[in-house]
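Written out below as structure tokens is the structure these notes cover.
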Amino acid sequence: MIRLERRAVPSRLWTVATPVAAVLATMVAGGILFAALGKNPAEAIRMIFWDPLFGPNASYFRGQLLVKAGPLILIAAGLAVGFRAGVWNIGAEGQYIMGAIAGAGVALAAYPAESPMIFPAMVLAGALGGWAWAMIPAVLKARFGTSEILVSLMMVYVAQNLLAYMAFGPMKNPQGFGFPGSRNLQQYPSAHNPELIAGTGMHWGVVAAFVAVIGTYVLMHRHIAGFRIRVAGDAPKAARFAGVVPGRLIAFCLGLSGALAGLAGLFEVAGPSGQITDSFNAGYGFTAIIVAFLGRLHPVGILLAGLLMALTYIGGDLAQLMLRLPAAAIQAFQGMLLFFLLGFDLLTNFRIRLGRARA
Amino acid sequence: MTATDKLLIVEGLSKAYPGVKANDAVSFSVAPGEVHALLGENGAGKSTLVKMIYGLVAPDQGRMVLAGAPYAPADPHAARMAGVAMVFQHFSLFEALNVAENVALGMENPPPMRQLAARIRQVSQTYGLPLDPARIVGDLSAGERQRVEIIRCLLQEPRLLIMDEPTSVLTPQEVEILFGTLRKLSAEGTAILYISHKLEEIRSLCDQATILRGGRVVATCVPAERTARELAEMMVGAELKLTDRAGRQAGAVVLRVTGLSLPPATPFGPSLKEVTFDLRAGEVLGIGGVAGNGQEELLAALSGERPGRPGTVLLEGADIAALGPNARRARGLLAAPEERLGHAAAPDMSLTENAILTGTVRKPLTRKGFLDMGAARAFAREVISAFDVRTPGPEVAARALSGGNLQKFVIGREVLQSPRVLVVNQPTWGVDAAASAAIRQALLDLAAQGAAVIVISQDLDELMEIADRFAALNEGRLSAPRPTAALTLEEVGLMLGGAHGMKPVEGMA
Amino acid sequence: MMIAGIDIAQLVAMLMVASTPILLAATGELVAEKAGVLNLGVEGMMIMGAIGGFAGAVVTGSPALGFAAGAMAGAGMALLFAFLTQVLLSNQVATGLALTLFGLGLSALLGQSYQGIKPPATEKLTFGPLTDLPVLGPVLFNHDWVVYLSLALVAGVGLFLSRSRAGLILRAVGESHDAAHALGYPVVAVRVAALAFGGALAGLGGAYLSLVRVPQWAEGMTAGAGWIALAIVVFASWKPGRVLIGAYLFGGVTVLQLRLQAAGFAIPVQLLSMAPYLITIAVLVIISARHRRGAQVAPASLGRVFHASR
């Protein structure tokens, strides 16, 4: 019989090896899935993981990598801080939308004025929009004990409806020939979040993502505040004993992750996406949850996981184009990855022993 | 006596866990109607042994015979079917369910609820342990909860009743009533396996004793024929050192608590009601009480985890009632909670990180909020060496340490921060004798240096040993402290709330 | 009876249909949570039930077999969750989220070829003259069998939990898995069974969405219904009867806002569509504020990992 035995100290080897093992297992299981769909599994896997980087049109796709990874990393870095503390913000998608609406709102209000102050104001508004949206579950949790999981998630649906309302109503482009969607900010120089180095996909959002990675690393691993956050996740009573006030902790974690998600939304709407439409959000807020876990809730891990997940997005698009693989396949693929990760995680904290069966 | 007279024979039972042999070829036997003590320190292997008898753990080696037939219970159901019942140390009760439901869960074929309720009333009256079957267990006192466990066992009419540390939650008066019940059962022919480390109880109650140390049987004896000291030395395997309480003088009042009240934190939790006392420099105040009478709440109210109404807690004249833990630490009020893993220490964090947990206020472990890991490691090492914490090094996770070693670390971490007032809850609970003695001595030494110490404990012997004054916590109220030198056990029992409405079994006790 | 141009009896009948998916899912989740497991993957199980049920019904031509397939799809997802959380001891919150993300993706994948198809109709039952009664007829005696099944399941779960020994054991496991283990009850087996039951009901609810309520298959068609089911369990304070009230209340809000949209009130459609979510939040807040002051209601072991170490 197989027995589980708790390790005295979590295995360092497996902490690092688990994500790798999970990715490999996902490739195998994904291959089976693709084979079941009648596609050549080896070709599909190569197209998802290899071709975007080294394939025929890699120079184009490599630029896309940072465009996709930026928001994922930016959001996941914030989420991971909360997850470490046991604060479950799963409404990043909504905060992302609200950041975009708030930031675009500033730009559209200023249009057509040109000023170097417009973009910074948009950035501030984006962060505030996401922050405010996240503070709703935070305040309700701290004040009434309402589950932040359910409220933050409900707020995603509210934000989506608000987004649609904005795209069809107040933010609709008056010169858009009746089509829904706002003005394109790419054509509004003061509000545009441009590609900083041509061909790299690097824009201010990617810069913000790198800053977030460094910032959360310093916070979580070098500063007393991050230390207390980690204690709160490991042992809530010990955290209280160490002086953590639960309400403030919740507000900080949700506020930070909300602000970062809002920033991600702002940079997206002002840059790659360009305009507010009812389908502007692409699920980054949910995929970032996978990124956070895949990165072991560690900033450096999140950086790598964000790049990997961006790769599957691009590769998924490619496979969709070349192999006619359904778009949903990549979503299932990403979900599978999280499953394998959580399953393999057992090896970090437990040792598997083959023991005698019980009498 | 021949083997066939025995109810339970245990032969060569062994059980190993990774890195520790919990039981090593343990043999003993119990006759019908015998009250048999299993005596040993924490970690001696008593719990593992009874779990094997109750079918919760399968032995690696050895065999058991129950009433002449081979006995190898696959699970507790099989054990109960064979007539073995057990009262657990940490209760196996469900707080949100009522008494009758709890009893039904511990029975193999319970009758319909209405009949069961009637039988609970009847049996509880017979044994002098009144219980209302419809009450929610979460609302019951610790003593009453234990009654539920006992009634649950008695309804099965067991041949062998296992009791794991049953008196740790009882007042001396309640212990007497329990013993009355057990003697009545034994007279009816039920064998009782009684696990305890309380020597006087074993001497007055048990017919036979098997003494375990390090997983092995080291001695058997008739407890009444030995002194408590002899039993203790058999149990520990060394001569016991007495603590040195000389050299202390009570100084000025450092801590003044007046009318401190706290609402319950959880639905079934206790509250604090108008707690009032003074604490002087150089003094050890012992606070006794049965588990669940507000000990944890009192610690939280003093440590600052649950701030109180202004004016209720004064430290050296300053009102600190509204301050949180770190502000109180800055002023010299430190604490060590009961629950080592999860409250006093974060289980998955290293000892260095656990030193940071409470040490940043009084020790220079941070610079402008940034952690100085070198300083933290040095502080952890200092605690480890000053308090003889057995660990490979400060990078080891807290949960990898044994209970005694972690407790020494936790107490040491606070003591080395030179507190003005130190509040500890259950400082030696589940800790082996040598570590307990070291911890008690450290607390006495701290007081001798002029600090004031509050020891909250359920171990009355411990409080009598180290406290200058004693106060009892009962249902959230604190009695007026009295000098320990002049107190008898009888008086202490009454301070703890007497028998909580129980009455002795007729003709017994 | 007409109020503001809306037929109340018809509204109530519509409300019952609108509520049934959530009622089923919430009842199932209640059983799982009573056993001490927090499965946040209800949304994922529902959507798999929706596509499983839809595909089953289309392929076999039988709605009943479709519902069975939906229930099995939901239960299969729940068993995946059970394997991860009960055997591999993974974090329940994270695993529940993974289940939802995976379910949304996989269902979209499986549903590729089922878009734009009409499923075989699930017939309404008729009760002769009873069905023709004014008001009572359309409200009580003119529904499909799943509506009646969902009501029977609520009653059955209520009786099971409060009256049966198995229900008592299930509650005991949810209150304290350590104590239940000490008494010899198979904690993991009980939880796996409760999860599978919960998954089957969530799947059934999902199938009802795609086969009756909409009736069509569309990607992500559950649109948060699984999350609302989770909220309703909290709203109901873990009591089956109150789940019924919660689900119907929610169904009422949904139907009402749809009627208001149809009636062409001067409120933008998107803002009206927010109503169910906002009301769910409002209700959660009221209930949690009450829970904070009142007695314990959530199972005490809810969401905690059980590992019988020694």
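All positions are counted from 1 along the displayed chain.
Placement of Cβ uses the backbone N, Cα and C atoms for every residue, glycine included.
Remember, predicted model here, so these are calculated numbers, not experimental data.
Residues or ranges marked as transmembrane segment by TrEMBL: C:6-25 (among others).
Feature annotation from TrEMBL assigns transmembrane segment to C:37-58 (among others).
What TrEMBL lists as transmembrane segment is C:64-84 (among others). Packing against the transmembrane segment (C:64-84) from elsewhere in the chain are residues 28, 32, 37, 39, 41, 44-46, 48-58, 90, 95-96, 98-99, 103, 119-120, 146, 191-192, 195-208, 210-211: each is 6 or more residues past its ends and has a CB under 8 Å from a CB in it.
Residues of the same chain lying 6 or more positions beyond the ends of the transmembrane segment (C:96-114) and with a Cβ under 8 Å from any Cβ of it are 38-48, 50-52, 54-55, 58, 77, 80-81, 84, 217, 219-220, 226. Under the heading transmembrane segment, TrEMBL lists C:96-114 (among others).
Within its own chain, the transmembrane segment (C:145-162) has Cβ neighbours under 8 Å at 16-17, 20, 23-24, 27, 30-31, 34, 67, 122, 125, 170-171, 201, 204, 208, 212, 239-241, 243-244, counting only residues six or more beyond its boundaries. Look at TrEMBL and you will find C:145-162 (among others) tagged as transmembrane segment.
The transmembrane segment annotation in TrEMBL covers C:183-211 (among others).
The feature transmembrane segment is assigned by TrEMBL to C:217-236 (among others).
If one looks beyond the transmembrane segment (C:243-260) by at least 6 residues along the same chain, the residues whose Cβ comes under 8 Å of a Cβ in the stretch are 6, 11, 14-20, 22-23, 26-27, 30, 151, 154, 228-229, 232-233, 235-236, 267, 272-273, 275-276, 279-280, 283. Positions annotated as transmembrane segment by TrEMBL: C:243-260 (among others).
Residues or ranges marked as transmembrane segment by TrEMBL: C:266-287 (among others). Within the same chain, residues 224, 228, 231, 234-235, 237, 246, 249-250, 253-254, 257, 260 sit at least 6 positions outside the transmembrane segment (C:266-287) and bring their C-beta atoms closer than 8 Å to a C-beta of that stretch.
Between the transmembrane segment (C:6-25) and the stretches C:37-58, C:183-211, C:217-236, Cβ pairs under 8 Å are most numerous for C:183-211. Long-range neighbours of the transmembrane segment (C:217-236) within the same chain, counting only residues 6 or more positions beyond its ends whose Cβ lies under 8 Å from a Cβ of the stretch, are 21-22, 25-26, 29-30, 33, 40-47, 50-51, 54, 100, 104, 107-108, 111, 114-115, 117, 119, 202, 205-206, 209-210, 242-243, 245-247, 250, 276-277, 280, 283-284, 287-288, 298.
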